[in-house]
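Inspection log for the structure reproduced underneath, given as structure tokens.
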């Protein structure tokens, strides 16, 4: 670096000071150098600083930049993209809700709705609406139990309740499933006989066992989502077929005012009459089905498993072999899977029950009210088929029989699956799935064949109505633990992190011997003693809020009171 001398200030300024010179050229080429002399910081710099300060103070303010505008087109595209993503994700969850909805359009619903329509025309539509609201609420709790805990209702009863309480609940649930399956067998046999009169009722009951073959072919949630979705879409197709049949049926009904039908959804004074109360209890018992609560808590787990595998939240230490051997047994979903899946599962369930189950049950009652009200005919499946065939057209009776057949087949399939869940969950019954399904179907087919052979058409109709009374008795016992489990944080706790196997409540997994000795209840006690997992990353408590629990208790009380009234009125009718 070179220096140069600055001459004295002619105005009497400071003496010359040597200042550094910055060279902009390479030192090796002195001829091409350019030198810049820095100002004297004590002399020349002060006027320069003052000049700059004056310019900054007197300069006009910078003009504001024009605001950034978001075009309507980009905003619309963003909304449409989010909507498309939501719809695509929701479509992946379509299936379990429709399987549950099948339980609400089974032949038992036909029997109770036809009796209500023939007696009070459209006035009991309010009970149909109320029953479906109760059903959506209880099924949402069932989905929450299966999603958060990774256990279906039967497994939860075995894990959280003492054995002396779990065993009676299992027996009641098994009885409800047998009663439900009897109704499906009878409904299928009657539908076959109506469509093909040459096939007697006894043979129709025997043919209903072939539904098990459909389950054996497709239903295997542990084998992957492709086969499971194929099975679910088959059930969805049956449900849609029933809806189409009743759309055609309603189109054939003449002389019914729309306003009069919609007034039936409003409470009326006829509801407090003795006969109306009896039939309302029958509608409630036929609509809120006990086995559907077990089914709803079990069919949601496959999609949780799919999410955890896709997001890499499944432990990699030997769990692949465990999956091959046990499928989803012992699988506890991750918190991310729970939060992602629960909202879609509940929305899909509500859509299926409100748009399909409510429509079908209302359509059955409307058709019966329009065709049978004030008519001196038998208010049963045979009677409404004959009346529709005579008064409207033979095709009306055929469409009704087809709807009954589709309902019986689909309801029988899901009832058999629920039977397998109950036995394996409550007792750890390790019977092979195909054998368990065959046994469940056989238990219901045998009494149906005996009834059909002994007393014929009248006996089948009485057995169909009697099965719904049995379901009414069981319902309060099944719904009580469901409301209790989902309302307590101690059962609805999830520790953030990856999915787990074999453990519960924050992933507290015992050793093999310890697990055999204590099971899930022992892990629960250890988990609570450690502060609910707070020492290891905290825990998310997902129990119902107080108002949801309160509403659940209110629903339970209404169901219990109505079913007690049902039994009292039934006893009085028998006494008279």
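Just so it is clear, glycine is given a Cβ too, placed from its N, Cα and C backbone atoms.
Unlike curated entries, TrEMBL annotations are predicted automatically.
Remember, predicted model here, so these are calculated numbers, not experimental data.
Taken from TrEMBL, the feature compositional bias 'Polar residues' covers 29-39.
Positions annotated as region 'Disordered' by TrEMBL: 1-44.
The transmembrane segment feature in TrEMBL is assigned to 87-105 (among others).
Look at TrEMBL and you will find 125-148 (among others) tagged as transmembrane segment. Note on the transmembrane segment (125-148): residues 100, 104, 113, 116, 156, 261, 264-268, 271, 280, 283-284, 287-288, 292-294, 296-301, 304, 333, 338, 341-342, 345-346, 349-350, 353-354, 357-358, 361-362, 365-366, 479, 482-483, 485-486, 492, 494, 542, 544, 551-552, 555, 558-559 of its chain, located 6 or more positions outside it, place their CB under 8 angstroms from a CB of the stretch.
Sequence-distant neighbours of the transmembrane segment (169-195) (same chain, 6+ residues past either end, Cβ-Cβ under 8 Å): 103, 106-108, 110-111, 154, 157, 161, 201-202, 204-205, 207-208, 211, 289-291, 294, 381-382, 385, 397-398, 400-402, 404-405, 407-409, 411-412, 415-416, 418-419, 422-423, 426-427, 440-441, 443-445, 447-448, 451-452, 460, 463-464, 467-468, 470-471, 474-475, 477-478, 481. Annotation comment: TrEMBL describes 169-195 (among others) as transmembrane segment.
Look at TrEMBL and you will find 201-221 (among others) tagged as transmembrane segment.
Among the features that TrEMBL reports, transmembrane segment is placed at 233-256 (among others).
If you look up TrEMBL, you'll see 276-300 (among others) marked as transmembrane segment.
Below 8 angstroms of C-beta separation, residues 96-98, 100-101, 104-105, 109-110, 113-118, 120-122, 124-125, 128-129, 131-132, 135-136, 139-140, 143, 239, 242-243, 246-247, 249-250, 253, 255-256, 261, 283, 287, 296, 379, 383-384, 387-388, 391-392, 400, 407 of the same chain, each at least six residues beyond the ends of the transmembrane segment (349-372), sit close to that stretch. Annotation comment: TrEMBL describes 349-372 (among others) as transmembrane segment.
TrEMBL lists 392-417 (among others) with the feature transmembrane segment. Nonlocal intrachain contacts for the transmembrane segment (392-417), taken as residues 6+ away from its ends with a CB within less than 8 angstroms of a stretch CB, comprise 99-100, 102-103, 105-107, 109-110, 177, 180-181, 183-185, 187-188, 190-192, 194-195, 208, 211-212, 214-215, 219, 235, 238-239, 241-242, 245-246, 248-249, 252-254, 291-292, 295, 360, 367, 371, 381, 384-386, 437, 440-441.
The transmembrane segment annotation in TrEMBL covers 438-456 (among others). Sequence-distant contacts of the transmembrane segment (438-456) (same chain, at least 6 residues past either end, Cβ-Cβ under 8 Å): 177-178, 181-182, 184-186, 189, 200-202, 204-206, 208-209, 211-212, 412, 415-416, 419-420, 423, 431, 462-463.
The transmembrane segment feature in TrEMBL is assigned to 462-485 (among others).
Residues or ranges marked as transmembrane segment in TrEMBL: 546-570 (among others).
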Residue numbers, six or more beyond the limits of the transmembrane segment (276-300), whose CB comes under 8 Å of its CB atoms: 95-96, 99-100, 103-104, 106, 108-109, 111-113, 115-116, 119-120, 123-124, 127-128, 130-132, 134-135, 138-139, 142-143, 145-147, 151-154, 156, 172-173, 176-177, 180, 221, 270, 341, 345, 349, 357, 361, 414-415, 417-419, 421-422, 425, 465, 468-469, 471-472, 474-475, 478-479, 482, 559, 562-563, 565-566, 569-570, 573
Sequence-remote partners of the transmembrane segment (233-256) [C-beta within less than 8 Å, at least six residues beyond its ends]: 94-95, 98-99, 101-102, 105, 214, 218, 352, 356, 359-360, 363-364, 366-367, 370-371, 388, 392-393, 395-396, 399-400, 402-403, 406-407, 409-410, 413-414
